[in-house]
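Here is what TrEMBL says about this protein:
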- 11-24: compositional bias 'Basic and acidic residues' (COMPBIAS)
- 32-42: compositional bias 'Polar residues' (COMPBIAS)
- 53-63: compositional bias 'Polar residues' (COMPBIAS)
- 69-78: compositional bias 'Basic and acidic residues' (COMPBIAS)
- 436-446: compositional bias 'Basic and acidic residues' (COMPBIAS)
- 447-464: compositional bias 'Acidic residues' (COMPBIAS)
- 18-410: domain 'PUM-HD' (DOMAIN)
- 1-86: region 'Disordered' (REGION)
- 436-470: region 'Disordered' (REGION)
- 120-155: repeat 'Pumilio' (REPEAT)
- 156-191: repeat 'Pumilio' (REPEAT)
Amino acid sequence: MSSKGLKPTKRKDNESSEKPDALKSKKPKLAPSNNTIQNQKPGGQEHGKPKSFGNNDKSSVTLSKKERRVQAKELTEARKKRRKPHYTLEQELATLWEKMRRRDIGKEDRLKLISEAIQKMKGKMHEIAGSHVSSRVLQTCLKYCSQDEKDVVFKELHPHFLSLASNTYAVHVLQKMLDGASKQQLSACISSLRGHVASLLRHMVGSVVVDHAYHLGNAAQKQELLGELYSTELQLFKDLNSTSEKRVVDIIAKLGLQKGSVIRHMTAIVQPILEKGIVDHNITHKLLIEYMTVADKTSAAFVIQQLSGPLLIRMVHTRDGSRLAMLCVKHGSAKERKKLIKAMKTEKDSHVGSIASDQYGSMVLACIFSIVDDTKLVTKIIVRELEANLKDLVMGKNGRRPLLQLLHPNSSRYFSRDDLASLELSVPSLCLMDKSETKDSDGKESAEEEKDEQEDTVTEESGLEENVTIAGSKKDPLLRRQELLVKSGLAERLIDVCVENAEEFLKSNFAKEVMYEVAVGGCDGILLPTLSENLRELYQAIASVAAEPKPEESEKSSQHILEDFHSSRTIRRLVLDSPTFASILFKKALSGKCRSWAQGHCSRILSAFLETQDVQVREMAKEELQVLVDEGALKITGTKKPE
């Protein structure tokens, strides 16, 4: 019978259940050897081999939850010991750290624990400084230890300064070490950075160490760090660095360096920093502001384009950073200005209040008020945020600056020379382009026939996009101030706040300036046409406070508004400059009471009524005050009228 005619027979179910492995395996079984048969026990287990425990084996040992947790913990500890060579040491240091960092521990006990910890770490500090736990122990030791122990730590860490500068945890140890370092040690650390400043500034962690060293260094050390960023020659030859020439333009002129080479060197450093967004450090701000003084128009436009937005908000807290922001506002396009202003207020948070209260950030807002033509956007993003916190801004040293810029722009009385100079800064390469375009536009007006040809010439010669061709603004400054101050409702709200806090503002060294500018109607009388009734309410509020009875010596808890140093001088200025206010004040608070106020600071207010340029005010008060002058009870100061 042939094999084709045979049908395969089915195996029985009991056979398949008894031998499931035989069915699954496709390989033929081999016959067991004699040795295997002899070594097997009756139960099927070989001699010398332990019995395996399966899930279905009833004789297996089941561990409790607590025992399983202990076993897992032991396995984890074993793995950590294999992975971390100093794991046991870190556990000991963590125990000491928990004791030494407590606030209720005695000074001597803490010093003992610190000495013990330093002794344990000796010879291994550079290895464990990058650890999550040990770095904190080292920071606490450097904070409280003696100078000798600081020297021990410095001696071990200094040879590895560069490698530790790029470690996420070790960077904090280096910062503490630099804070407590002597002049010689700080100089040694800065010397260690030589040749690596540019590469570390491009590193997110390493840049923190460089900036910290820059902050602690003296003028020569700061110039040494910056010199590497200016030119290859200054990086290679230390003796070329000089403290007399700090600006890169002066360095190029003195050393005879090639300007193109310097620009290429600085561009290679600046571009990666901007692309990575590492712009939080003072040394970076200084580098960028110097770069803008020598950069060509294409490079300067690239920097403005990269910075305009959230990056610039992180930079306005420093002197150089705020100046960079002003340059971006002045030379940026309308699109870039819009991007910058919108970055000040996000869906989650608003930065306008913090920027306005900052020493340097407030000048950025003042610059925006002076240049940006899109007053609707400025009102929506900035003015509305300022209105919500007007009282604190008026009372603050820095918060009042944007308001004063709107009320009295570029006043030397309220802004320092450095502040006014920062508002006048510009990028040389972009200014040259703007001047050439202005000249071309003047030519267009004189010859309409050459209009199209000159437009083509300007476009070809500039070599830039339209977004960098506009510097400054086109709108009339007075019109811009009216839109931001009056039409936006800011002035009306500001007058209301002054009415509510008249006495407090007049007695404040900072708020009195805003109060004066509001009361006189601002520069060019910008508030007078539309808000004259509101200003009259303010005059009445000041006069009501001044009309309060003079407190007796025993009842003096606070000085009267006419006797206070700051308020008396502000009221005197208002009497000289605002006839309406002078009339209301005299009729409501001083008429018939001048003899009682003829002494002290108030005498200066009374003399102002006789010194004022307004004839009606002078004649109104002359009858009562001239008697006091003749008696010698009131003296005319004869001081010049305040500017």
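From the backbone N, Cα and C atoms, a Cβ is placed for every residue, glycine too.
Any TrEMBL annotation is an automated prediction that lacks curation.
Taken residue by residue, the repeat 'Pumilio' (120-155) breaks down under DSSP into 26 helix, 0 strand, 10 coil. Secondary structure of the repeat 'Pumilio' (156-191) per DSSP, as helix, strand and coil residue counts: 29 helix, 0 strand, 7 coil. Applying DSSP to the compositional bias 'Basic and acidic residues' (69-78) sorts its residues as follows: 10 helix, 0 strand, 0 coil.
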